[in-house]
Amino acid sequence: MSIVPEAERPNPYSAYGAHGSVLVLNSGSSSLKYQLVNPVGGEAIAAGIVERIGETSGGSQGIVTHTFAGNRTRREVEVPDHGEALRLALGLFEEIGPRLADAGIYAVGHRVVHGGSEFSGPVVVDDDVVARIDALVPLAPLHNPANVQGIRVARELLDDVPHVAVFDTAFFSSLPAEAYTYAIDRQVAAEHDVRRYGFHGTSHQYVAGKVARVLGRRVQDLNTIVLHLGNGASASAVSGGVPIDTSMGLTPLEGLVMGTRSGDIDPAVVFHLARNAGMGIDELDRLLNKRSGVLGMAGVNDFRELRRLIDEGDEHAALAFDVYIHRLKKYVGAYAALLGRVDVIAFTAGVGENDTFVRAAVCEGLAGMGIAVDPERNTGAGSGERIISPDWTSTLVMVIPTQEELAIARQCVEAVDGQHPTAAVTSG
Ligand code: ADP
């Protein structure tokens, strides 16, 4: 599908400036999220999600939701595959807006979960890059196949703009060896690429940088613990803008308690269940990734639901919350020890940005470490970047809304401009 003739790119007349807009795609196994972003101004021009891709059996339909200029359009249609999902999304841009030719698409950015050891930054996609991402499927069997599929169909349908892959692992590619090495037989580890990679890197990098900009400080001068608490959750210790450790590992399963993932457990739990519960590898994979975490303990994984259950006196929900907080606190303590001095703890993502109980509970009892949350600042109105610690603490506790799509869009522009240098994109 032709969007912008070669001669007009970058489109200097686009309503969104010289860099036009970037279409950011996030392909999951049964969903395709998209957002059209102005990489300079930072606003989301339009966004949408195609859900239940390939789930046409049993009368279940795919659902497409497209939001533009404050209007939300929802359709139920059959979506057999990712190609059809993207075709539907592109059709909605033409029908409801904005027309992609007017938006001046500068690049298509693809969120890719696993970049292995080879991708340490965004790359402009060509056939070789697709093959290399495909080769990483054994490391991320739950994520990379959908990412590769998304890239393939998007390159076919949007063949006249550059495509850029932005990796969840890239920010953590510079972790020190003592942080990324697992204490197992080194030959087995080397042969099978077993090491910590870390995920949510785009968000951790964006938030650590945003903290510095909000405070008017240099990122080089700050030690920050970033707590990305969404349905998936991860923590990182960032010293001078560089990560020195992170909680997710070979896959996004390690670390914090999450919506549906267990996070850290004794690996022998797997052997025990295989031997005594007759569970196979795939069943164990599903158990720990999809049926564990808050969902496994409390029966719900949305923290609003969890709060409702706790308020109703549900003891499983109360315990799930306590386990979640206990794990988080252990990571805060561990990362404080690694950093030596913590200037900022930054909460981000769905739970981190919205759940006042989680933020208060994580920081409770840490006054001796110079960490506290001010109750009024924590629960006060406001949805932007803000400080929620009292004035006396040595560590600032902040809420920093993550903007993964914007961060991906900016990395796309940098990658494309790196090939063909033009004006730099401002960051904000
Ligand atoms: P992901 O990108 O991993 O799907 P998000 O960062 O969008 O996750 O976070 C989604 C989660 O955020 C929801 O499952 C829910 O638990 C939590 N959440 C969203 N809004 C609120 C809210 N107002 N209060 C408490 N938790 C919330």
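Yeah, the Cβs are placed from backbone N, Cα and C, and that goes for glycine too.
Here TrEMBL flags Asn26, Glu404 as Mg(2+) binding site. What TrEMBL records for Lys33, His228, Leu229, Gly230, Asn231, Gly232, Asp302, Phe303, Arg304, Gly350, Val351, Gly352, Glu353, Asn354 is ATP binding site. Annotation comment: TrEMBL describes Arg111 as substrate binding site. Taken from TrEMBL, the feature active site, proton donor/acceptor applies to Asp168. According to TrEMBL, the site 'Transition state stabilizer' annotation covers His200, Arg261.
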> Using a 10 Å radius around each Cβ and counting other Cβ atoms from all shown chains, which of the binding-site residues Asp302, Glu404 yields the largest count?
Replying inline: Glu404
> Given Val351 (ATP binding site) and the residue listed as 'substrate binding site', what distance in Å do their CA atoms have, once rounded to a whole number?
Replying inline: 21
>> Measuring Cβ to any atom of ligand 1 with a strict under-6 Å cutoff, which of the recorded positions Asn26, Lys33, Asp168, His200, Glu353 qualify?
In response: none
> Between Asn26, Asn231, which of the binding-site residues has the fewest other CB atoms within 10 angstroms in the structure shown?
Replying inline: Asn231
>> Using a 10 Å cut-off on Cβ-Cβ distances across all protein chains shown, tell me which of the recorded positions (Lys33, Arg111, His200, Arg261, Arg304) has the largest neighbour count.
In response: His200
> C-alpha of Arg304 (ATP binding site) to C-alpha of Arg111 (substrate binding site): distance in Å?
Replying inline: 27
> Looking at the recorded positions Lys33, Arg111, Asp168, His200, Arg261, Glu353, which ones sit with their CA no more than 10 Å from the CA of Asn26 (Mg(2+) binding site)?
Replying inline: Lys33, Arg111
>> Considering Cα atoms only, can you say which of Asp168, Asn231, Glu353, Glu404 is the nearest neighbour of His200 (site 'Transition state stabilizer') among these recorded positions?
In response: Asp168
> Near the residue listed as 'substrate binding site', which recorded positions out of Asp168, Leu229, Asn231, Glu353, Glu404 have their CA within 10 Å?
Replying inline: Asp168, Glu404
